[in-house]
Amino acid sequence: MSTTVCPPGTAPVTPVARTRPVLTVRLDAVAHNTRVLAASARRLMAVVKADGFGLGAVDVARTALAHGARALGVTTLAEAVELRLAGVRAPVLSWLDAPGADLSDAVLHGVDVAVPSLAHLDAAASAARRLGRVVDVHLYLDTGTARDGCPPELWPALCAAARRAELAGTVRVVGVMGHLACAAGLDAAANAAATARFVRGVAQARAAGLRPVLRHLGATAAVLGLPGTAFDLSRVGAGLVGIDPTGRYPVLRAAAQVTAPVVQVRDVGAGVGVGYDHTYRTTARTRLALLPLGYADGLPVSASGHAEVLVHGRRRPLAGRVSMDQVVVDVGDLPVQPGDVATVIGTGDDPAPTLTEWAGWAGTLPHELLTGLGRRLVRRVVPASPCPTDFPEEHP
Ligand SMILES: *Cc1c(COP(=O)(O)O)cnc(C)c1O
């Protein structure tokens, strides 16, 4: 038996990390998170929108499917087609296409589409009619976001029209979906109201003669903290990549790490202004280390003045403002040299700042930071080890 089937620790430094900023994608963490979340859901849909939250839609999808996910979710047909062209055969649902979009790709690639309006229903039905096929749809009820989904007052008419389309042989209503607006805060009253609205919507669909087999309402936060919202399927995105929107369940593993090499150091005295507008001034003799990544790589300017990185095993502050392509670290008296590697975003396995800390410094969500990591970072993908359960301590 292998001694390190699922090492949870920090990814080792590879030679490229000494010369280029590197984004390490931990598919082993995605696998772990999928198993954890699948254990609490009746059926798990892995949401891999926005290129799998920036970590690679196909990689995240394949990993999730291999570790307990039964279906995939995306926002656009283009994302769904990317999965199909990569050979992914699992059920895929796309939920944010414009009704004017050509939905032929849904029919041709066997992709389910969400239907929040009569216009969307017509688009799906006409694509199916044109191609002589049936398209599977999930009627999408707005359960309280006032964002996407069908407003409740229009829902009975949508259900009736969907039933007519079923009888005409163009669509099949396989699902009814809603979405929780206040899941992350585990707001009991708001989630109870949304759940009641959803249950009523399902009853109205059934009254119209529809027989949706997949009722789905909750996402990551609901799987973690709102067991009453589970129904037949849970659409989980953030949790796959290690983001717990509630901040209360330390069971997930971060799937992204960012490192950067030191490309230059300089020793300076007290009172030296650093970077644009000298927003930072040294207070004593110190060493400044330059890292070649900045806001074009996804580091938020708004974290300037707060952010730290890990170098030589110690946390040291950024000095001055995050620039487009670079940041300066005040490393104090640490003997940092060019070629040393700083951990900018860590996975929580070492003292490096985590994505959640960066989000706090920047006043944003970890989701935004992760999906904004730039294309210039070298990507290193750690595969998901064949690790059915989480038991590193059981190995010799
Ligand atoms: C993004 C999204 C999800 C996934 O939510 P997470 O919080 O990332 O798990 C589920 N459903 C809909 C409609 C979404 O837009």
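Cβ from N, Cα, C; glycine included.
Here TrEMBL flags Lys49, Tyr276 as active site, proton acceptor. The N6-(pyridoxal phosphate)lysine annotation in TrEMBL covers Lys49. Per TrEMBL, the feature substrate binding site maps to Arg147, Met324. Positions annotated as domain 'Alanine racemase C-terminal' by TrEMBL: 255-382.
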Residue with minimal Cβ packing [other Cβ atoms within 10 Å] among the recorded positions Lys49, Arg147: Arg147
Tertiary neighbours of Tyr276 (active site, proton acceptor) (same chain, Cβ under 8 Å, six or more apart): Gly320, Arg321, Ser323
Distance, Lys49 (active site, proton acceptor) to Met324 (substrate binding site) (CA atoms, angstrom): 26
Secondary structure content, the domain 'Alanine racemase C-terminal' (255-382) (per DSSP, counts of residues): 23 helix, 49 strand, 56 coil
Cα distance (Å, whole number) from Arg147 (substrate binding site) to Lys49 (active site, proton acceptor): 17
Cβ-Cβ neighbours of Met324 (substrate binding site) (radius 10 Å): 11
